[in-house]
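Look at TrEMBL and you will find ARG26, HIS27, GLY28, GLU29, SER30, GLU31, GLY32, ASN33, ARG88 tagged as substrate binding site. Under the heading active site, tele-phosphohistidine intermediate, TrEMBL lists HIS27. According to TrEMBL, the feature active site, proton donor/acceptor maps to GLU116. Feature annotation from TrEMBL assigns region 'Disordered' to 284-307.
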Amino acid sequence: MKNVEAKQKEKIQKLKMLPKHIILVRHGESEGNKDTSAYSTIPDHKISLTEHGRAQARLAGSRLRDLISSHGSSQDWRVYFYVSPYERTRSTLREIGKSFSKKRVIGVREECRIREQDFGNFQVEERMKATKETREKFGRFFYRFPEGESAADVFDRVSSFLESLWRDIDLNRLNNDPSQDLNLIIISHGLASRVFLMKWFKWTVEQFERLYNPGNCEIRVMELGRGGEYSLAIHHTDEELQEWGLSPEMIEDQKWRINANKTDLNDHCKWYLNSFFDNELDSDEDVKEEDIDSDDDSKDIFLDTDS
(Lines of atoms letter the chains of each structure in order from A and count residues from 1; the text may use other names and numbers.)
(Lines give C-alpha, C1' and ligand atoms only; values in the text may rest on other atoms or scores of the structure.)
Protein backbone atom coordinates (compact mmCIF):
# COMPACT_ATOMS: atom_id res chain seq x y z
CA MET A 1 0.00 0.00 0.00
CA LYS A 2 2.82 2.37 0.92
CA ASN A 3 4.59 1.61 -2.37
CA VAL A 4 1.42 2.49 -4.30
CA GLU A 5 1.05 5.76 -2.41
CA ALA A 6 4.72 6.60 -2.95
CA LYS A 7 4.42 5.95 -6.68
CA GLN A 8 1.29 8.09 -6.85
CA LYS A 9 3.06 10.96 -5.07
CA GLU A 10 6.02 10.61 -7.43
CA LYS A 11 3.68 10.74 -10.43
CA ILE A 12 1.97 13.87 -9.12
CA GLN A 13 5.35 15.51 -8.52
CA LYS A 14 6.48 14.72 -12.06
CA LEU A 15 3.25 16.14 -13.48
CA LYS A 16 3.86 19.36 -11.55
CA MET A 17 7.22 19.73 -13.32
CA LEU A 18 5.62 19.48 -16.76
CA PRO A 19 4.53 22.63 -18.60
CA LYS A 20 0.79 23.30 -18.33
CA HIS A 21 0.76 24.48 -21.93
CA ILE A 22 3.06 24.20 -24.93
CA ILE A 23 1.85 26.86 -27.34
CA LEU A 24 2.88 27.27 -30.98
CA VAL A 25 2.54 30.73 -32.51
CA ARG A 26 3.21 31.61 -36.13
CA HIS A 27 4.70 35.07 -36.74
CA GLY A 28 2.51 38.02 -37.74
CA GLU A 29 1.96 39.15 -41.33
CA SER A 30 5.33 39.85 -42.96
CA GLU A 31 6.32 41.96 -45.93
CA GLY A 32 6.83 38.66 -47.78
CA ASN A 33 3.29 37.51 -46.94
CA LYS A 34 1.95 40.79 -48.30
CA ASP A 35 4.13 40.89 -51.42
CA THR A 36 6.11 37.78 -52.41
CA SER A 37 8.42 39.84 -54.64
CA ALA A 38 10.13 40.99 -51.41
CA TYR A 39 11.92 37.63 -51.25
CA SER A 40 13.78 38.39 -54.49
CA THR A 41 15.63 41.39 -53.00
CA ILE A 42 15.59 40.82 -49.22
CA PRO A 43 17.13 37.75 -47.52
CA ASP A 44 14.38 35.62 -45.99
CA HIS A 45 15.71 35.99 -42.44
CA LYS A 46 15.56 39.82 -42.74
CA ILE A 47 11.95 40.04 -43.92
CA SER A 48 10.13 42.25 -41.39
CA LEU A 49 6.55 42.48 -40.16
CA THR A 50 4.01 44.84 -41.67
CA GLU A 51 2.14 47.27 -39.41
CA HIS A 52 -0.80 44.88 -39.60
CA GLY A 53 1.54 42.06 -38.54
CA ARG A 54 2.63 44.02 -35.46
CA ALA A 55 -1.00 44.64 -34.55
CA GLN A 56 -1.70 40.90 -34.96
CA ALA A 57 1.19 40.10 -32.61
CA ARG A 58 -0.03 42.54 -29.94
CA LEU A 59 -3.49 40.98 -30.09
CA ALA A 60 -1.93 37.49 -29.90
CA GLY A 61 -0.05 38.57 -26.76
CA SER A 62 -3.29 39.66 -25.12
CA ARG A 63 -4.97 36.39 -26.09
CA LEU A 64 -2.05 34.34 -24.77
CA ARG A 65 -2.08 36.12 -21.43
CA ASP A 66 -5.84 35.61 -21.07
CA LEU A 67 -5.53 31.94 -22.02
CA ILE A 68 -2.73 31.20 -19.58
CA SER A 69 -4.21 33.14 -16.65
CA SER A 70 -7.68 31.60 -17.02
CA HIS A 71 -6.79 27.97 -17.85
CA GLY A 72 -4.18 27.18 -15.19
CA SER A 73 -4.37 25.47 -11.82
CA SER A 74 -2.44 28.33 -10.22
CA GLN A 75 -2.55 32.12 -10.55
CA ASP A 76 1.19 32.09 -9.92
CA TRP A 77 2.12 31.17 -13.49
CA ARG A 78 5.24 31.76 -15.57
CA VAL A 79 6.16 31.71 -19.26
CA TYR A 80 9.29 30.71 -21.14
CA PHE A 81 9.75 31.69 -24.79
CA TYR A 82 11.57 29.96 -27.63
CA VAL A 83 11.88 32.06 -30.78
CA SER A 84 13.20 31.58 -34.31
CA PRO A 85 16.10 33.93 -35.15
CA TYR A 86 14.29 35.46 -38.16
CA GLU A 87 13.40 39.14 -37.95
CA ARG A 88 9.65 38.53 -38.32
CA THR A 89 9.54 36.06 -35.41
CA ARG A 90 11.72 38.22 -33.17
CA SER A 91 9.48 41.23 -33.88
CA THR A 92 6.42 39.10 -33.16
CA LEU A 93 7.90 38.21 -29.76
CA ARG A 94 8.61 41.89 -28.98
CA GLU A 95 4.95 42.73 -29.57
CA ILE A 96 3.66 39.68 -27.69
CA GLY A 97 5.99 40.50 -24.81
CA LYS A 98 4.12 43.76 -24.17
CA SER A 99 1.34 41.67 -22.59
CA PHE A 100 3.62 40.06 -19.98
CA SER A 101 5.28 41.67 -16.96
CA LYS A 102 8.92 40.79 -16.31
CA LYS A 103 8.07 38.73 -13.23
CA ARG A 104 5.99 36.37 -15.41
CA VAL A 105 8.81 35.69 -17.91
CA ILE A 106 11.46 33.28 -16.63
CA GLY A 107 13.44 33.19 -19.86
CA VAL A 108 13.78 33.59 -23.62
CA ARG A 109 15.90 31.51 -25.95
CA GLU A 110 16.64 32.15 -29.61
CA GLU A 111 16.53 28.73 -31.27
CA CYS A 112 17.90 28.26 -34.81
CA ARG A 113 16.38 24.80 -35.21
CA ILE A 114 12.84 26.21 -35.37
CA ARG A 115 13.64 28.68 -38.18
CA GLU A 116 11.75 28.80 -41.46
CA GLN A 117 12.30 26.16 -44.13
CA ASP A 118 15.23 27.22 -46.29
CA PHE A 119 13.99 27.85 -49.82
CA GLY A 120 17.45 28.80 -51.13
CA ASN A 121 18.92 32.31 -50.83
CA PHE A 122 17.16 35.02 -52.88
CA GLN A 123 13.88 33.75 -54.33
CA VAL A 124 13.11 34.73 -57.93
CA GLU A 125 9.32 35.03 -58.00
CA GLU A 126 8.52 33.25 -61.27
CA ARG A 127 11.01 30.47 -60.66
CA MET A 128 9.70 29.95 -57.12
CA LYS A 129 6.13 29.70 -58.43
CA ALA A 130 7.16 26.95 -60.87
CA THR A 131 9.17 25.20 -58.13
CA LYS A 132 6.19 25.13 -55.77
CA GLU A 133 4.01 23.67 -58.52
CA THR A 134 6.58 20.88 -58.90
CA ARG A 135 6.52 20.35 -55.13
CA GLU A 136 2.76 19.75 -55.24
CA LYS A 137 3.29 16.99 -57.80
CA PHE A 138 6.25 15.45 -55.97
CA GLY A 139 4.87 15.69 -52.43
CA ARG A 140 5.31 18.50 -49.91
CA PHE A 141 7.18 16.48 -47.30
CA PHE A 142 10.02 15.02 -49.36
CA TYR A 143 10.46 17.67 -52.06
CA ARG A 144 13.74 19.55 -51.52
CA PHE A 145 14.03 23.07 -52.89
CA PRO A 146 17.13 23.68 -55.05
CA GLU A 147 19.81 25.08 -52.70
CA GLY A 148 17.28 24.72 -49.88
CA GLU A 149 15.51 22.20 -47.66
CA SER A 150 12.68 19.72 -47.77
CA ALA A 151 10.07 19.44 -45.02
CA ALA A 152 11.86 16.19 -44.11
CA ASP A 153 15.04 18.22 -43.46
CA VAL A 154 13.06 20.57 -41.22
CA PHE A 155 11.62 17.53 -39.43
CA ASP A 156 15.14 16.35 -38.57
CA ARG A 157 16.22 19.62 -36.96
CA VAL A 158 12.89 20.16 -35.19
CA SER A 159 13.22 16.61 -33.81
CA SER A 160 16.61 17.57 -32.41
CA PHE A 161 15.06 20.68 -30.84
CA LEU A 162 12.34 18.55 -29.24
CA GLU A 163 14.95 16.32 -27.62
CA SER A 164 16.63 19.41 -26.15
CA LEU A 165 13.25 20.73 -25.01
CA TRP A 166 12.56 17.53 -23.06
CA ARG A 167 16.01 17.65 -21.44
CA ASP A 168 15.34 21.25 -20.40
CA ILE A 169 12.10 20.08 -18.76
CA ASP A 170 13.45 16.86 -17.19
CA LEU A 171 16.54 18.54 -15.72
CA ASN A 172 14.59 21.71 -14.84
CA ARG A 173 17.05 23.85 -16.76
CA LEU A 174 14.32 26.45 -17.01
CA ASN A 175 14.58 26.88 -13.20
CA ASN A 176 10.85 26.71 -12.70
CA ASP A 177 9.26 26.46 -9.25
CA PRO A 178 6.96 23.37 -9.23
CA SER A 179 4.32 25.41 -7.39
CA GLN A 180 4.01 27.65 -10.46
CA ASP A 181 2.31 26.74 -13.73
CA LEU A 182 4.95 26.72 -16.47
CA ASN A 183 3.90 27.65 -20.01
CA LEU A 184 6.18 27.27 -23.02
CA ILE A 185 5.52 29.56 -25.99
CA ILE A 186 7.27 28.74 -29.26
CA ILE A 187 7.23 31.53 -31.84
CA SER A 188 8.10 30.06 -35.19
CA HIS A 189 6.86 29.54 -38.76
CA GLY A 190 4.05 27.68 -40.47
CA LEU A 191 5.94 24.61 -41.68
CA ALA A 192 8.09 24.32 -38.56
CA SER A 193 4.93 24.35 -36.41
CA ARG A 194 3.27 21.61 -38.48
CA VAL A 195 6.40 19.49 -38.36
CA PHE A 196 6.65 20.04 -34.58
CA LEU A 197 3.14 18.63 -34.13
CA MET A 198 3.89 15.79 -36.56
CA LYS A 199 6.91 14.73 -34.52
CA TRP A 200 5.20 15.17 -31.14
CA PHE A 201 2.06 13.21 -31.99
CA LYS A 202 3.82 10.68 -34.25
CA TRP A 203 1.75 11.59 -37.32
CA THR A 204 2.63 9.88 -40.59
CA VAL A 205 3.87 11.57 -43.76
CA GLU A 206 0.47 10.95 -45.30
CA GLN A 207 -1.21 12.71 -42.37
CA PHE A 208 1.24 15.60 -42.62
CA GLU A 209 0.43 16.09 -46.30
CA ARG A 210 -3.19 16.83 -45.36
CA LEU A 211 -2.35 19.59 -42.86
CA TYR A 212 -2.94 23.27 -43.61
CA ASN A 213 -0.59 26.08 -42.68
CA PRO A 214 -1.60 28.16 -39.63
CA GLY A 215 -2.54 31.78 -40.32
CA ASN A 216 -0.40 34.70 -39.20
CA CYS A 217 -0.27 34.83 -35.38
CA GLU A 218 -2.56 31.81 -35.19
CA ILE A 219 -2.18 30.00 -31.87
CA ARG A 220 -2.16 26.21 -31.45
CA VAL A 221 -2.37 25.06 -27.85
CA MET A 222 -1.13 21.74 -26.51
CA GLU A 223 -2.50 21.41 -22.98
CA LEU A 224 -1.41 18.89 -20.36
CA GLY A 225 -3.98 16.19 -19.73
CA ARG A 226 -4.75 14.37 -16.49
CA GLY A 227 -2.40 11.45 -17.17
CA GLY A 228 0.62 13.40 -18.40
CA GLU A 229 -0.12 13.44 -22.14
CA TYR A 230 -0.64 16.61 -24.17
CA SER A 231 -3.68 17.19 -26.34
CA LEU A 232 -4.90 19.78 -28.84
CA ALA A 233 -8.49 18.79 -28.08
CA ILE A 234 -8.62 20.39 -24.60
CA HIS A 235 -8.43 23.96 -25.88
CA HIS A 236 -9.54 23.53 -29.50
CA THR A 237 -12.87 22.34 -30.92
CA ASP A 238 -13.41 19.50 -33.39
CA GLU A 239 -14.25 22.12 -36.04
CA GLU A 240 -10.91 23.87 -35.54
CA LEU A 241 -8.98 20.61 -35.75
CA GLN A 242 -10.86 19.69 -38.94
CA GLU A 243 -10.00 23.09 -40.44
CA TRP A 244 -6.32 22.39 -39.73
CA GLY A 245 -6.55 19.17 -41.74
CA LEU A 246 -6.79 16.56 -38.96
CA SER A 247 -8.74 13.46 -39.97
CA PRO A 248 -11.52 12.02 -37.73
CA GLU A 249 -9.03 9.38 -36.59
CA MET A 250 -6.47 12.03 -35.60
CA ILE A 251 -9.12 14.01 -33.72
CA GLU A 252 -10.18 10.91 -31.79
CA ASP A 253 -6.53 10.38 -30.86
CA GLN A 254 -6.35 13.94 -29.49
CA LYS A 255 -9.47 13.30 -27.37
CA TRP A 256 -8.01 10.04 -26.09
CA ARG A 257 -4.87 11.88 -24.96
CA ILE A 258 -6.85 14.11 -22.59
CA ASN A 259 -7.04 11.32 -19.99
CA ALA A 260 -4.28 9.03 -21.27
CA ASN A 261 -1.18 7.76 -19.49
CA LYS A 262 2.10 7.42 -21.35
CA THR A 263 2.13 3.70 -20.58
CA ASP A 264 -1.09 3.31 -22.60
CA LEU A 265 0.41 4.56 -25.85
CA ASN A 266 1.53 1.20 -27.26
CA ASP A 267 -1.92 -0.36 -26.95
CA HIS A 268 -3.52 2.77 -28.33
CA CYS A 269 -1.33 2.72 -31.45
CA LYS A 270 -3.01 -0.40 -32.88
CA TRP A 271 -4.76 1.78 -35.48
CA TYR A 272 -1.29 2.75 -36.73
CA LEU A 273 -0.04 -0.85 -36.78
CA ASN A 274 -3.06 -1.92 -38.80
CA SER A 275 -1.96 0.30 -41.68
CA PHE A 276 1.14 -1.90 -42.05
CA PHE A 277 0.04 -5.31 -40.78
CA ASP A 278 -2.94 -7.41 -41.77
CA ASN A 279 -5.21 -7.29 -38.72
CA GLU A 280 -7.09 -10.34 -39.97
CA LEU A 281 -4.11 -12.53 -39.11
CA ASP A 282 -4.79 -12.84 -35.40
CA SER A 283 -2.91 -16.08 -34.67
CA ASP A 284 0.20 -17.99 -35.70
CA GLU A 285 -2.08 -20.53 -37.43
CA ASP A 286 -3.45 -17.76 -39.69
CA VAL A 287 0.10 -16.74 -40.57
CA LYS A 288 1.05 -20.37 -41.42
CA GLU A 289 -1.96 -20.76 -43.69
CA GLU A 290 -1.04 -17.51 -45.41
CA ASP A 291 2.55 -18.78 -45.86
CA ILE A 292 1.29 -21.96 -47.59
CA ASP A 293 -0.73 -19.92 -50.08
CA SER A 294 2.14 -17.54 -50.75
CA ASP A 295 4.58 -20.46 -51.28
CA ASP A 296 2.43 -21.66 -54.19
CA ASP A 297 2.48 -18.19 -55.71
CA SER A 298 6.22 -17.83 -55.26
CA LYS A 299 6.88 -21.03 -57.20
CA ASP A 300 5.18 -19.49 -60.22
CA ILE A 301 7.26 -16.37 -59.85
CA PHE A 302 10.60 -18.19 -59.72
CA LEU A 303 9.69 -20.53 -62.59
CA ASP A 304 8.91 -17.58 -64.86
CA THR A 305 12.53 -16.83 -65.80
CA ASP A 306 11.73 -14.96 -69.01
CA SER A 307 10.23 -11.95 -67.29
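Glycine too: its Cβ is placed from the backbone N, Cα and C atoms.
All TrEMBL annotations are machine predictions without curation.
Excluding the listed site residues ARG26, HIS27, GLY28, GLU29, SER30, GLU31, GLY32, ASN33, ARG88, the same chain places LYS34, ILE47, LEU49, THR50, GLY53, THR92, ASN216 with Cβ atoms within 8 Å of the centre of the substrate site Cβ atoms. Residues near ARG26 (substrate binding site) in space but far in sequence (CB under 8 A, at least 6 apart, same chain), listed by position: SER188, HIS189, GLY190, SER193, ASN213, PRO214, GLY215, ASN216, CYS217, GLU218.
Non-local contacts of the residue listed as 'active site, proton donor/acceptor' by the CB criterion (under 8 A, 6+ apart in sequence, same chain) comprise ASP44, HIS45, SER84, TYR86, HIS189, LEU191, ALA192. Within 10 Å of the C-beta atom of SER30 (substrate binding site) sit 25 other C-beta atoms, taking all shown protein chains into account.
Rounded to a whole number, the distance between the Cα atoms of ARG88 (substrate binding site) and HIS27 (active site, tele-phosphohistidine intermediate) is 6 Å. Summarising the environment of GLY32 (substrate binding site), the number of other Cβ atoms within 10 Å of its Cβ, over all protein chains shown, is 18.
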